[in-house]
Structures are given as C-alpha cells and as structure tokens.
C-alpha cells in the first residue's frame, strides 16, 4: 500500500498549517532551554544566575507559595581529603570534578526521561539567561 499526498492545494495547505500549529504548541509546553555537555563545558552564561544567588532569588520570588527546596541542597561530602580515596597510580587517568559530574544524569521526571540533554533551573538560569517568568515556573 503506497502512501500518497493529497493532490488538492487546500488540503495540503491545511495539513501543513495543522502540523505547524502542533509544533508551536509543543514548544510552549516544555522547558525553554536544554543543556548538553557542550553547553555545560562553556560555563555559566555571562548574565546567568548560579549557585547561592539562584537559590536566594527563587526563595524570594516563591515566598508566598514556596518552592521545592531539594533542588538547591548540596549532598554531604566525606571530610577526608581526596588523596585518601584515590590511588596515586590513577591520578593521570581521572577526570576533574566538573568533567566527571557532566557525565552524571540528574533525576528527571518520567515524562522527560530519554530526551537529549538535561533541563532544569540550573540549565535555564545558570548556563543560559532566564526570565522572571521562567523563574516563577519553579514556584509551587
């Protein structure tokens, strides 16, 4: 069974406009930015908001409704120096911390698993420049 395109111009135009409308709707329903290893390797955006500044700003913006605080909590690290954990023979093989962490995938909602790149507040506001309205999306 061969697939044929509609021959009449109004039907084809309607089909193309419908596909365009569906594509535009998909853009508005997702995150505005996606970060890949290349994005992260360039570092923070010159106008990006990162680290504690990002946590403080979201905390102030979301005060009436609150926000999900575990986005900003730092995992506790061991108190021993790194030399006690690393064999001296492996020093030339190991990656630096930033590069090694770039290979770890953050926990993502099931709906976004399997997509290329990562998304989230750090991607949107640190590695890219986010707007006031994008920040408000992280409030409860």
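Placed from the backbone N, Cα and C atoms, the Cβ positions cover glycine too.
As given in Swiss-Prot:
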DISULFID  35-123  disulfide bond
DISULFID  125-130  disulfide bond
MOD_RES   134  4-carboxyglutamate
SIGNAL    1-29  signal peptide
Checklist entry - Tell me, by DSSP, whether residue 125 (disulfide bond) is helix, strand or coil? => result helix
Checklist outcome for this item: If you measure between the CA atoms of residue 123 (disulfide bond) and residue 130 (disulfide bond) and round to the nearest Å, you get 9
Next on the checklist: To the nearest Å, how far is the Cα of residue 130 (disulfide bond) from the Cα of residue 35 (disulfide bond)?
Outcome noted: 13
Next on the checklist: Just to verify a number: CA distance, residue 35 (disulfide bond) to residue 125 (disulfide bond), in angstrom, no decimals.
Outcome noted: 11
Checklist entry - Does DSSP give residue 130 (disulfide bond) helix, strand or coil? => result coil
